[in-house]
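S.K.: Submitted below is the structure of interest, expressed as structure tokens.
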Amino acid sequence: MIILGLETTCDETGIALHDAAAGLLAHRLFSQVKLHAEYGGVVPELASRDHIRRILPLVEQTLAEAELQPCDIDGVAYARGPGLAGALLAGAAVAKGLAWALDRPVLGVHHMEAHLLAPMLEADPPAFPFLALLVSGGHTLLVEVAGVGRYHVLGESLDDAAGEAFDKTAKLLGLPYPGGPALEKLAAVGEPGRWVFPRPMVDRPGLDFSFSGLKTAVVNAVHNTTLDEAARAAIARAFQDAVVDTFAIKVKRALVQTGLKRLVVAGGVGANTVLRERLQAVAGAAGGRAYYPRLAFCTDNGAMIAYAGQQRLSMGEQDVGEVEVRPRWPLGELAAPLANAGLGPV
Amino acid sequence: MQLVDAAATEALGASIAQDCPAFACIHLHGELGAGKTTLVRGFLQAMGHTGAVRSPTYTLIEPYETPAGKFFHLDLYRLSDPEELEFIGLRDWVDAGVLLIEWPEQAAGVVPAADIDVVLRVQGNAREATLTYFPKR
């Protein structure tokens, strides 16, 4: 069964073709990051307009790369949410239109489910159950994953997402958008220990996160010092150390609490190499290991949507009725794949 | 007035909630990390909200409903053109409840005028708050 996947929740237009037997056939990505860099962030109207312009040419390129025709597609999956409403609608409308024209089933999948299943696209995928840490610009979640659609959210951010804290800290330090890669580079040359920022909520029980206080600490440091190159690098270092420590402590706690050995790290912040090494050590100490999607699949992409759609469409689950998106959609609402359990009624 | 820490900023939010009209529009000015979302947290908790108050930077708007009314927390930081507010559905929220708008200057002329205007300034580790109340239009 060949599934076409469309990702349009935010910055990226991602298109992919996934086959149940042969795996990933082809994938294409167009990032609007350069466009948004001028504005220092994601601009929703620009994002949705650009998705509309990009989707069909990218579908054509992806089909050509896989040497397939539109009629070879057996089902269409799109990201229903969470995300920016206009951007989601662009993807959903094209997905439904294609599916109706081809007379194939269509299904809106959960963007975060797709992220946490992304390591399944790799040669050495983790077996269920596992612990998943999802860290991106809009989300910070710790999830116990028993199987596809069987998620128990253990903890989440109570204020800012980790990726948002990275972006805002980068902005305070005068770094370009997106902030994560630039901040990591600057932190690498920063003097450790010149600033020590709080590790938010590690002294409290539970697995929730809070990054607003850390942002405040950065603002105060920036305002209370002469911001030369060494100071900027030392602040970047102190910020990254605090974030990495916080995740290491919470992940260790979650592994102990659940008895799980395998850890999946997904989302854009999962591309941070210091965080990767640290979490690999934490999982190793727990007698397991950490699994990461390749860097291209840490950030938003079409392959993960096609894969998540494959898991559900192949079980007979599909949308019926109107185009509907879910800009806010708690992961905990999902259930295991079920025939005709998609959006309804007609 | 001087706010020594985040708790003081939350307390100011709670005191603004005390005498806030049902359909007020509150503008919140201040740079990154000045405490705008922290003030909104104090405001919403005083209005009876018990859950988390997340930054709306990514989602642009976070709606809340409590026994005291409906509240819409907006963050226009990432907006580049005021017209984009129409696109995210501003008209659905005006006159539906209290609007708490961070970075209103990003959509000057399009967002409703302020009934209460709050400016937060970073001063070392503390914050300086200036409140202006506008007479009912």
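Backbone N, Cα and C atoms are what each Cβ position is placed from, and that goes for glycine too.
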S.K.: A:HIS111, A:HIS115 show up in TrEMBL as binding Fe cation; which entry in A:ASP300, A:ASP319 does that record put in the same site?
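M.R.: Same Fe cation site in TrEMBL: A:ASP300.
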S.K.: Among A:ASP167, A:ASP203, which residue shares the substrate site with A:LEU134, A:VAL135, A:SER136, A:GLY137, A:GLY138, A:GLY180, A:GLU184, A:ASN272 according to TrEMBL?
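M.R.: TrEMBL lists A:LEU134, A:VAL135, A:SER136, A:GLY137, A:GLY138, A:GLY180, A:GLU184, A:ASN272 binding substrate, and from A:ASP167, A:ASP203 it also lists A:ASP167.
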S.K.: Determine, using Cα-Cα distances only, which of these binding-site residues is closest to A:ASP300 (Fe cation binding site): A:GLY138, A:GLY180, A:ASN272.
M.R.: A:GLY138
S.K.: Measuring Cα to Cα, how far is A:GLY138 (substrate binding site) from A:HIS115 (Fe cation binding site) in Å?
M.R.: 13
S.K.: Compute the mean position of the Cβ atoms of A:HIS111, A:HIS115, A:ASP300, which form the recorded Fe cation site, and then list in sequence order the other residues of that chain whose Cβ is within 8 Å of it.
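M.R.: Apart from the listed residues, the neighbours are A:GLU7, A:THR9, A:ALA79, A:MET112, A:ALA114, A:SER136, A:GLY267, A:ASN301, A:MET304, A:ILE305.
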S.K.: May I ask which residues of the same chain, at least 6 positions away in sequence, place their Cβ under 8 angstroms from the Cβ of A:HIS115 (Fe cation binding site)?
M.R.: A:LEU134, A:SER136, A:ALA266, A:GLY267, A:MET304
S.K.: Sequence order please: the binding-site residues A:HIS111, A:HIS115, A:LEU134, A:SER136, A:GLY138 that have their Cβ under 8 Å from a chain B Cβ, otherwise just none.
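M.R.: Contact set vs B: A:GLY138.
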